[in-house]
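As recorded in TrEMBL, the features of this protein are as follows:
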| type | residues | note |
| --- | --- | --- |
| ACT_SITE | A:E41 | active site, proton acceptor |
| ACT_SITE | A:K112 | active site, for glutaminase activity |
| ACT_SITE | A:C148 | active site, nucleophile |
| BINDING | A:Y118, A:S183 | L-glutamine binding site |
| BINDING | A:G295, A:L296, A:S297, A:G298, A:G299, A:I300, A:D301, A:S302, A:T402 | ATP binding site |
| BINDING | A:N378, A:E407, A:K517 | deamido-NAD(+) binding site |
| DOMAIN | A:1-256 | domain 'CN hydrolase' |
There are 2 protein chains.
Amino acid sequence: MNIALAQINVHVGNFAANLEKMLGYVANAKEQGADIVVFPELATTGYPPRDFLEFDDFIDKAEEVVNELAKAAEGIAIVVGSVSRNPVVEGKDLYNSVYFLSGGRIQQVQHKTLLPTYDIFDEYRYFEPAHEWNVVRYQDKTIAMVVCEDSWNVGNENPLYKINPMDQMMAHKPDLIINVSASPFNYEHAAERVRVMKVNAERYGIPLYLVNHVGAQTEVLFDGGSVVVNQKGDVIDELPYFQESMRIFNTEEVWSGDNISGEQPRNKMTLIHDGIVMGIKNYFGKLGFKKAILGLSGGIDSALVAVLAARALGPDNVRCILMPSQHSSDHSVNDARQLAENLGCQYDIVPIESIYNSYMDVLKPFYWGKPEGLAEENLQARARGMLLMAFSNKFGNILLNTSNKSEMAVGYGTLYGDMCGGLSVIGDVYKTECFELARYMNKDGEVIPENIITKPPSAELKPDQFDSDSLPPYDQLDAVLYQYVEMTQSPQDIIDMGFDAELVRKTLRLVNINEFKRYQTAPVLRVSKKAFGMGRRLPIVGKYLN
Amino acid sequence: MNIALAQINVHVGNFAANLEKMLGYVANAKEQGADIVVFPELATTGYPPRDFLEFDDFIDKAEEVVNELAKAAEGIAIVVGSVSRNPVVEGKDLYNSVYFLSGGRIQQVQHKTLLPTYDIFDEYRYFEPAHEWNVVRYQDKTIAMVVCEDSWNVGNENPLYKINPMDQMMAHKPDLIINVSASPFNYEHAAERVRVMKVNAERYGIPLYLVNHVGAQTEVLFDGGSVVVNQKGDVIDELPYFQESMRIFNTEEVWSGDNISGEQPRNKMTLIHDGIVMGIKNYFGKLGFKKAILGLSGGIDSALVAVLAARALGPDNVRCILMPSQHSSDHSVNDARQLAENLGCQYDIVPIESIYNSYMDVLKPFYWGKPEGLAEENLQARARGMLLMAFSNKFGNILLNTSNKSEMAVGYGTLYGDMCGGLSVIGDVYKTECFELARYMNKDGEVIPENIITKPPSAELKPDQFDSDSLPPYDQLDAVLYQYVEMTQSPQDIIDMGFDAELVRKTLRLVNINEFKRYQTAPVLRVSKKAFGMGRRLPIVGKYLN
């Protein structure tokens with residue numbers, strides 16, 4: 001039997017486009033001799049559909065797509081994730097299901113059992129868990145269909161769930177497992193996905209075919225990396241990362257293990273780079289926009305965003321605005337200009353001093369007698385934010401936000417100033433990782449001028465200002481932030497690791513008191529296992545460690 | 001037996017303060033002869049603690065509070081909601097529990113079964129549901145303790161859950177039910193809470209004592225309204241709305257129904273008004289701020305916010321900034337000034353024309369040849385936002401956002417302009433409700449100048465501009481928005497109600513394409529059953545009805 005795994009990039013709620021795309025793959029798979037073509041979890045609606053699932057009309061439209069696909073399931077079977085209605089009045093109204101379509105109709109529907117409700121996931125908000133488990137008989141095979149998380153309750157020290165639907169499935173003695181997934185990217189996740197699927201295949205002694213989404217839905221990135229593991233635990237093949245792709249696998253060949261392509265290489269910076277480029281591309285593409293704008297300061301953060309945007313959208317679609325003030329150093333403007341030229345992006349220089357002065361003229365009578373400080377620094381950042389929005393509004397470009405994860409964490413950014421923008425491109429990349437990423441970008445020749453990477457970071461909002469004046473060295477800061485944000489360690493735990501107690505307390509306090517700023521930040525492309533945004537939900541008025 | 005219901009206003013994560021407050025109530029209840037004092041759900045941590053629950057250290061601190069309360073439970077029993085650890089490795093690590101403390105120790109712990117995971121609720125993100133149900137024997141009574149939602153699976157046409165923990169409890173033949181709740185306010189909720197508790201008491205034929213939180217945790221408001229219903233379904237008493245309060249009930253008196261105070265009157269505008277005033281007060285109080293600032297335009301929205309802020313914080317703590325442009329009418333400035341004088345708030349007039357011109361001077365070479373439009377209008381709104389932030393930063397006042405729900409819905413506001421602010425005060429109040437609220441505020445004498453209420457709404461960003469130029473009449477718009485936002489009706493459903501098809505499609509499209517603006521908006525004080533913010537989660541790049 002030939003099984004085609006189609007890791008596709010659908011668009012949340014775009015039913016017509018998603019159906020058309022899947023029909024194309026069905027035709028293609030059939031032409032190539034596939035017996036079954038497999039699409040990911042909730043491929044009809046896109047993932048995550050979020051509260052669109054509360055609209056009855058939205059569910060109707062998903063059901064129409066399944067019915068249309070069923071009609072196309074002639075001479076080929078289709079396995080596809082979609083939503084289904086719970087016929088029982090008690091419990092949630094929906095199931096997250098996988099459909100088996102063949103002979104022009106729906107042959108089987110299996111619901112998802114384990115509903116991830118953590119980090120970015122909200123599945124129990126919408127879905128009832130499965131209470132029955134069945135297999136499908138197709139040609140000479142017995143096939144167990146499962147949805148994503150249902151294969152993940154294996155090999156964890158602290159499992160989130162009391163039951164294991166894989167055990168239930170195995171009672172039916174299937175010949176193979178098909179897993180339809182929406183398994184979001186982080187730079188450690190593909191390795192973990194392969195590991196967990198190997199554990200499954202080995203434990204149950206049968207082959208496993210997993211198909212994942214690829215593409216970005218706002219902040220959530222999917223890397224693809226669909227994977228086939230045989231009953232011995234051999235990784236037969238892994239589909240590419242960050243690319244739509246379909247491959248056909250012969251079940252006998254998978255069983256024999258004669259033809260092993262194996263896993264792909266995984267380099268952290270390659271994954272982050274490629275993931276973000278896809279994230280930008282899809283954000284613009286799915287919103288129907290082409291052009292980006294950003295403020296280029298001469299610092300490393302905006303340099304990274306410029307490179308990533310130029311690679312995602314093409315240099316012609318990226319406009320850079322240099323907005324020097326009296327505190328900007330000459331090298332900043334030169335470095336920024338050099339970068340724009342390296343990239344081939346349009347750039348304009350728009351000094352902000354006259355605007356800043358017009359504010360100060362108006363504010364002078366009110367500020368009289370008060371020492372200069374943060375308010376004046378913020379005014380500069382906000383004048384820049386406003387100018388960028390003035391370009392964005394007039395020319396229809398989306399403003400890209402250039403904040404990194406370290407500064408988002410400690411609130412080292414100005415709300416409505418440098419925190420403006422429709423999409424936070426590197427908001428899940430710590431400052432120390434920014435330097436790594438810059439080096440990675442320059443690996444085949446200098447794109448980012450060396451001086452941008454090597455000079456000491458500065459916001460340049462007052463004379464001779466450096467980040468190190470108000471923040472600890474980034475290597476220490478980032479290490480503490482990682483333990484707190486990603487690992488949810490307590491202050492004492494982190495101190496016990498050998499970090500300075502004062503540094504730890506001050507850092508955690510900054511993280512917590514700046515929740516109000518992050519609340520108003522653009523969606524952040526998620527590349528780590530704990531990004532700011534929808535996956536990390538904290539109270540603003542919470543009084544904890546502050 | 002005498003049962004004290006203590007509806008208290010705790011602070012999320014502020015363990016020391018929460019403990020101190022509860023110990024005060026324990027002493028007071030004991031002095032007044034109570035046998036038991038009851039505190040709300042998760043009273044130790046505050047509700048909702050959100051992802052603080054992922055920090056082990058946070059759970060330790062909650063356990064310490066329970067242990068301290070247990071020590072104080074001498075000569076009086078304490079019933080209190082808190083978190084507890086799941087000793088079983090499988091499943092979520094925590095339970096949402098209610099503790100019975102007496103004789104200086106923990107006597108009983110009952111976990112919550114039904115975990116609300118919808119709207120603002122995320123309980124299954126953190127908690128394992130209960131699988132065992134037990135009662136407590138205290139003095140001569142058998143007491144069933146339940147947590148909030150566990151009493152709500154009665155009398156619904158489409159129940160969210162398959163099981164009913166109340167039925168399980170009844171197997172133990174309790175004499176009375178104590179329900180500890182975190183039942184958030186909306187203007188319809190108190191009536192619903194009383195109705196559901198009556199259904200419980202009547203169905204099971206035993207008295208029910210419910211204690212609820214009062215106070216605001218960022219956007220989530222709790223109205224209190226703790227309620228006692230006897231076995232006949234008589235509402236014996238309801239504690240006040242929006243006030244911390246303790247009352248003691250004698251179980252024999254409750255049973256006999258001889259002393260019935262009954263339900264409180266509920267007026268929609270009173271509830272909204274009092275809820276928002278409490279919301280502002282607690283937002284500032286819990287953050288440790290005293291002073292607010294807002295832009296007063298002469299329109300009804302900012303007028304409402306000024307009144308609400310003055311009533312919450314005192315007029316001395318509210319600073320109003322009038323920022324006229326060349327498009328502002330004379331009456332706007334006069335009306336705004338009159339309002340500030342009526343309230344006794346400080347006000348300053350800061351014209352924005354010079355700032356606007358300084359932007360246009362800089363932008364002229366770039367804007368050349370382009371028609372004037374939205375970008376210029378937004379610049380005015382943003383110049384005001386920046387000025388307000390300049391005051392906020394220099395003087396330490398929190399900026400209040402003045403957007404209403406109708407404009408938030410359709411995106412009729414400028415991001416980083418009039419959408420600035422730390423707290424959205426009336427973002428859950430439709431424009432038509434704004435007029436009602438203004439009338440309500442003026443019921444005992446004119447606070448808001450009549451002209452502010454009666455003049456046609458205008459953003460005053462270009463000459464002779466009125467909201468009605470680009471939006472349908474507010475009564476129609478709000479009716480359509482209500483059906484879509486609160487009732488999740490489809491376009492066709494709404495058209496079938498008799499609304500113009502074009503109006504419906506255009507409105508729903510505006511709602512959906514403006515998700516990106518709402519994503520970056522301040523938290524909105526929630527007064528309806530579906531507010532923008534954490535309770536309504538939609539994709540930005542979603543392609544549905546747009």
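These residue numbers are counts, starting from 1, taken along the chain as shown.
Including glycine, each Cβ sits where the backbone N, Cα and C put it.
Known features from TrEMBL, placed on the structure.
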residue	record	DSSP class
A:K112	active site, for glutaminase activity	coil
A:Y118	L-glutamine binding site	coil
A:C148	active site, nucleophile	helix
A:S183	L-glutamine binding site	coil
A:G295	ATP binding site	strand
A:D301	ATP binding site	helix
A:N378	deamido-NAD(+) binding site	helix
A:T402	ATP binding site	coil
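All protein chains considered, the CB of A:S297 (ATP binding site) has 25 other CB atoms within 10 Å.
Using a Cβ-Cβ cut-off of under 8 Å to chain B, the binding-site residues A:Y118, A:S183, A:S297, A:N378, A:E407 reduce to A:Y118, A:N378.
Cβ contacts within 10 Å of the residue listed as 'active site, nucleophile', excluding its own Cβ and spanning all protein chains shown: 28. Of all the recorded positions in the list A:E41, A:S297, A:G299, A:T402, A:K517, the shortest Cα-Cα distance to A:S183 (L-glutamine binding site) is found for A:E41. If you measure from the Cα atom of A:Y118 (L-glutamine binding site) to that of A:S297 (ATP binding site), you get 37 Å. Cβ proximity to the ATP site centre (mean Cβ of A:G295, A:L296, A:S297, A:G298, A:G299, A:I300, A:D301, A:S302, A:T402, cutoff 8 Å) flags the following additional same-chain residues: A:L294, A:A303, A:V305, A:A306, A:A336. Once the Cα atoms of A:N378, A:E407, A:K517, the listed binders of deamido-NAD(+), are compared pairwise, the greatest separation found is 15 Å. A separation of roughly 43 Å, to the nearest angstrom, links the Cα atoms of A:S297 (ATP binding site) and the residue listed as 'active site, nucleophile'.
Cβ neighbour count within 10 Å across all protein chains ranks A:G295 highest among the binding-site residues A:G295, A:G299.
The least crowded of the binding-site residues A:S183, A:N378, A:T402, judged by other CB atoms within 10 A of its own CB, is A:N378. Taking the centre of the Cβ atoms of A:N378, A:E407, A:K517 as the deamido-NAD(+) site, the nearby residues of that chain (Cβ within 8 Å, site residues left out) are A:A381, A:S403, A:G411, A:Y412, A:G413, A:T414, A:L415, A:G417, A:D418, A:M419, A:N514. Taking CA atoms as the reference points, A:C148 (active site, nucleophile) and A:E41 (active site, proton acceptor) are 7 Å apart. Across the domain 'CN hydrolase' (A:1-256), mean pLDDT in this model comes to 97. If you measure from the Cα atom of A:E407 (deamido-NAD(+) binding site) to that of A:G295 (ATP binding site), you get 17 Å. Counted within 10 Å of its Cβ, the other Cβ atoms near A:E41 (active site, proton acceptor) come to 25, all protein chains included. For A:K517 (deamido-NAD(+) binding site), the nearest of the recorded positions A:E41, A:K112, A:G295, A:G299, A:T402 in terms of C-alpha separation is A:T402. Within 10 Å of the Cβ of A:D301 (ATP binding site) there are 25 other Cβ atoms, across all protein chains. In terms of local Cβ density within 10 Å, A:K112 ranks first among the recorded positions A:K112, A:K517. Compared over the binding-site residues A:Y118, A:E407, the count of CB atoms lying within 10 A of a residue's CB peaks at A:E407.
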